[in-house]
Amino acid sequence: MRPILIGVVLVSVAAAYYIYLPLPSTISEPWKLMISDAMMRSMMKLGFLAHDLGLASPFGLVKYFSAWTDAKIDESSPSVRVTEASFGGVKALVFESTAAGQEQSFKRGVVYFHGGGWTLCSTKMEPFFRQCMTTAEELNAVVISVEYRLAPDARFPDQYDDVFQASKHILTAEVLSRYSIDPRRVAVSGDSAGGNLAAAVAQQIALDSSIPIKFKVQALVYPVLQALDFNTPSYVQNANIPILDRSLMARYWLEYLNGEQKLLPALLANNHTALDQGQEIAAAKAKINWTKLLPVAFQKSYKPVFPLHGDPKLLEKLPGLLDVRASPLLAETEVLKAVPPAYIMTCEHDVLRDDGLMYATRLEEAGVHVTVDHVEDGFHGCLSFAFGPFAFSVGRRSLGNYIHWLKENL
């Protein structure tokens, strides 16, 4: 009996050691976050091990496990009808409010792109499914969640092309009329990598004269907007904070841009934007200069990190790094002037915090009205923790803020 007891104690100590992370006291429900992160971290490590052994793609195992959380399409609520559809050859889920007495009226429309590093998740994954259903119900809206292709089966610009083609098709009089959507009240939205796609699509739709119906607003939730600087204050401050650490974000970029994972150390060191990398890089860096774009309170005592000498072959291997469709923060000011008003949610404890704040500054400088919703106790992905028995208070609150802004502005 005694050896069993000792074994139980040792296993418990080991589990506690693995689960525990030194998190800031200002982050929401830290112990709950540690437990959630431990489970995700375990899946990620198993996935990377399987990749190192040549058994799967870097995120293949995680993608397999995450599919278990898919919701059933027939789980429509009494006030929201959920159906499958295709727009421009791209699959999607359509969440239609069926509130009593509202069937014949024109509704708001939201075109949504889910997060997941351009590699994971789906429209049917429980958090995104519930979020879209709640948004449709609360707004009396039609939410169209686009099922774009994922890496490694698709690489940049495939994901962008999917969401652009779907958006272009949705923004036609025929489709909008079919779903009773008011053409003057359509938003584009997304979280994380989906926020990246939403920002890029908002830019292109605004410029495309062949698309007469435009998005009224864009709602970007902790969007990833650039891959030239992995040493912004938020990347350094939150390098090891769940749910998205600094290395993991760089890994997602490599998957998206069809780069080898062995390039990870070079990206994290900013070798691709070293001082000897030429005028094209210098011009791009000016658009992500956080010393000028971030409020002083977020800069703190951090200093820019750009090596004297870099690797010129990095840009040859990853040409998408300078493509505005991949990094919307690199758009010219004339482009930004054309985009619709924006809501940008940022979280204090998120490596992507500064991407959103810098984009907000650039949009404001271009004359675009921007609402920045900064969640002081938030972490990356917190909106996806708004549902279920393991829901976070910050998840419910951030979702409420997001829906409230759409209700007031769409």
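Even glycines carry a Cβ here, placed using N, Cα and C.
In TrEMBL, annotation is done automatically, which means it is predicted and not curated.
Look at TrEMBL and you will find 110-263 (among others) tagged as domain 'Alpha/beta hydrolase fold-3'.
The active site annotation in TrEMBL covers S192 (among others). Around S192 (active site), taking its Cβ as the centre, 29 other Cβ atoms fall within 10 Å, counting all chains.
Taken from TrEMBL, the feature domain 'Alpha/beta hydrolase fold-3' covers 323-383 (among others).
Taken from TrEMBL, the feature active site applies to D350 (among others). Non-local neighbourhood of D350 (active site): Y222, S234, N238, I241, L244, G378, F379, H380, each in the same chain, at least six residues away, with C-beta under 8 Å from its C-beta.
For H380 (active site), the Cβ neighbour count at a 10 Å cut-off comes to 27, with all displayed protein chains included. Sequence annotations record features per position, and here TrEMBL assigns active site to H380 (among others).
Over the domain 'Alpha/beta hydrolase fold-3' (110-263), the average per-residue pLDDT in this prediction is 97.
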